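Q: Can you read through this structure? Questions will come right after.
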Amino acid sequence: MDLKTLQALPKVELHCHLDGSLSLKAIRQLAKMAQIPVPESDQALAQLTQVQEPIANLGEYLEKFDFVAPLLQTKAALKLAAFDVLEQAAAENVQYIEIRFAPAFSLDQGLSLGETIAAVIDGLKQGEAAFGIHSNLLVCGMRQLDNAANIAAFKAAVPYLHQGLGGVDFAGNEADFPPADLKPAIAYARTQGLPLTLHAGECHCAHNIYESIHLGATRIGHGTALYEQPDLAAYIKAHHACLELCLTSNLQTKAVTNIADYPYDLIRQNQLQACINTDNRTVSNTTLTKEYALFQKYFQTSAATFLQFNLDGIAAAFCAPALKAQLTRQFKAAYQALS
């Protein structure tokens with residue numbers, strides 16, 4: 001399939017970071033609102049917001065988020081950011097998307113945790129109305145923060161569950177802050193009925209995948225280190241956990257050193273649930289269409305397999321059963337029409 005056909009395919013995305021996915025146009029608007037100067041040329045602005053390959057590791061990749069953080073400190077900025085990412089997603093026929101962000105990084109100008117969450121949900125609702133897309137928000141705890149701070153973020157999220165909020169996640173430096181460090185905050189989230197996805201296996205640490213599922217995650221962000229411990233596939237399958245695949249990002253951060261190490265064959269051979277995602281559209285300079293093209297290029301992924309990835313994503317999505325049923329019908333019909 002050519003890029004135009006891939007772009008037209010209906011898609012689901014479950015792993016997309018708000019602050020890593022702002023268009024350059026939105027970054028300019030946000031910088032103007034914040035009275036922060038930015039370079040005049042898009043090329044120079046991209047140097048500040050996109051990784052310039054090669055990079056050494058995930059830590060260097062995460063440094064790109066520092067530029068955007070000061071731009072997301074007001075309700076208006078957060079609304080605009082959420083709207084912008086939905087606009088990008090709708091342009092490539094993403095029909096359902098979960099966007100994640102860390103409220104703790106938007107408190108510098110006096111917003112409360114709850115106000116940041118409400119503002120992003122407002123932006124998502126505006127985007128849904130404008131573009132006919134479905135969405136939910138995921139609130140990220142951050143591994144480098146203490147459990148009290150992360151519990152506070154999750155507590156602020158609880159009133160929005162099923163009101164624009166789908167669930168919670170933990171992001172950040174996985175190598176230095178393993179899942180065991182997060183137990184109190186994860187336990188709190190589970191007692192509140194907050195669906196849980198966890199970044200795991202992004203840093204050559206396959207045991208974190210096991211630990212994350214053991215702690216209650218029903219989805220795993222990345223899961224790339226599965227290739228280092230293939231016997232984990234049986235555990236993942238037994239627990240019906242869905243892997244949120246982010247190929248471009250994983251190659252950039254050296255989560256896999258080359259495409260031969262990527263666990264695609266393990267996933268397909270073991271019939272693991274998985275879906276395709278961008279991770280960070282801007283930081284990684286990618287789109288979901290580009291990700292599909294890479295899967296087609298490297299793994300000869302067929303339309304039938306793309307459909308299965310999307311059906312897996314729908315099944316694992318943190319949304320209402322009625323919406324899942326609706327999306328499942330729509331996707332099956334759309335992909336059947338292709339053949």
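Placement of Cβ uses the backbone N, Cα and C atoms for every residue, glycine included.
Any TrEMBL annotation is an automated prediction that lacks curation.
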Q: Pick from ASP84, ASP122, ASP279: which one does TrEMBL list with HIS15, HIS17, HIS199 for the same Zn(2+) site?
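A: For the Zn(2+) site that includes HIS15, HIS17, HIS199, TrEMBL also lists ASP279.
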Q: If you measure C-alpha to C-alpha, which of GLY172, GLU202, HIS222 (recorded positions) come within 10 angstroms of ASP279 (Zn(2+) binding site)?
A: HIS222
Q: Just how spread out is the substrate site if you go by the largest Cα to Cα distance in Å among HIS17, ASP19, GLY172?
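A: 13 Å is the greatest Cα spacing among the residues binding substrate.
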Q: Anything within 10 Å of HIS222 (site 'Important for catalytic activity')? Look among the recorded positions HIS15, ASP19, GLY172, HIS199, GLU202, comparing CA atoms, and list what you find.
A: HIS15, HIS199, GLU202
Q: Other than its own, how many Cβ atoms are within 10 Å of the Cβ belonging to GLY172 (substrate binding site)?
A: 18
